[in-house]
Amino acid sequence: MTRHFLDLSAMTATDLRTIIDDARVRKSATKAGTAEKPLAGKMLAMIFEKPSTRTRVSFDVGMRQLGGETLFLSGTEMQLGRAETIGDTAKVLSRYVDAIMIRTTDHRRLLEMAEHATVPVINGLTDDTHPCQIMADILTFEEHRGPVKGKTIAWTGDGNNVLHSLIEGSARFGYRMNMAVPLGSEPHDKFLNWARNNGAEVLLSHEAEQAVAGAHCVVTDTWISMNQEHRARGHNVFQPYQVNGALMKHAAPDALFMHCLPAHRGEEVTDEVIDGPQSVVFDEAENRLHAQKSILAWCMGAV
């Protein structure tokens, strides 16, 4: 059976834990110069319909560190789903490469790719979810604070794709998920309902202080995601959800701060917080590399 990595909800808790534990080992081996290359001779196709820095570099470097190679394919060059159906593209690519990573807008394009591909398909990001980011976040949290199970993670800001995957992660990893968003920016009900139906404790409010109270980790993201540049910046409904020193005082004394980057300093987070001692954003960015190496290895049967 082909191993896809599409969403945390599509994975078992056991498989996700296996990937996190493997990432920890691979990271240590990389630092020690003893890392193995289990994907030697393998080729990863990377399809980008949305631009990226971290996703492209981390998958490219990660695949190379595992001994494999990558092929970059831009959405404009491929005309995915226009000149050729996504299903046909998936079938053709499956004859050439050993895995496909796609970063796209419409989540349905990811699912259609996986439906027709005979090689693993990995979700590099869609407008709905961003599971690779949450794997990096869990790895980072546990490096600094130990097991995430039973801890409280708080989100403040927009109800976007990263939050959707954090919500799914709460059911799979066993952490409590608090979130505060402005009216009209709530996460999609299907993610909340799925998490609650799978045993997660999730709290949705519109008060940042309420969500952050006692939290072990505070997470935010840009208020303006790609394709949302029409929304006003700065002085808008998101201002009360800014992560600043005053808000962090409501969290646990040793709470971590996370942000998937890029950050708009002075908007969703202040310099005081992102550059402060509680911030682990650059560890988090590095761990995209290590978490995704283990996702790649798991998908291709090397874990």
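Each Cβ is built from the backbone N, Cα and C atoms, and glycine gets one as well.
In the three-state DSSP classification, Arg288 (carbamoyl phosphate binding site) falls within a helix. Taken from Swiss-Prot, the feature carbamoyl phosphate binding site applies to Ser52, Thr53, Arg54, Thr55, Gln79, Arg103, His130, Pro131, Cys132, Gln133, Cys260, Leu261, Arg288, supported by sequence analysis.
Here Swiss-Prot flags Asn161, Asp221, Ser225, Met226 as L-ornithine binding site, drawing on sequence analysis. Asp221 (L-ornithine binding site) falls outside any helix or strand according to DSSP and counts as coil.
A Cα-Cα distance of 15 Å separates Asn161 (L-ornithine binding site) from Ser52 (carbamoyl phosphate binding site). A simple Cβ count within 10 Å picks out one of the binding-site residues Ser52, Gln79, Asn161 as the most packed, and that one is Asn161. Here Asp221 (L-ornithine binding site) is positioned 15 angstrom away from Arg54 (carbamoyl phosphate binding site), judged by their C-alpha atoms.
For Cys132 (carbamoyl phosphate binding site), the count of additional Cβ atoms within 10 Å of its Cβ stands at 26 [all protein chains shown]. Counting every protein chain shown, 20 other Cβ atoms lie within 10 Å of the Cβ of Arg54 (carbamoyl phosphate binding site).
Between the CA atoms of His130 (carbamoyl phosphate binding site) and Asp221 (L-ornithine binding site) there is a gap of 12 Å, rounded to the nearest whole number.
Note: the Cα of Gln79 (carbamoyl phosphate binding site) and the Cα of Asp221 (L-ornithine binding site) are spaced 29 Å from each other.
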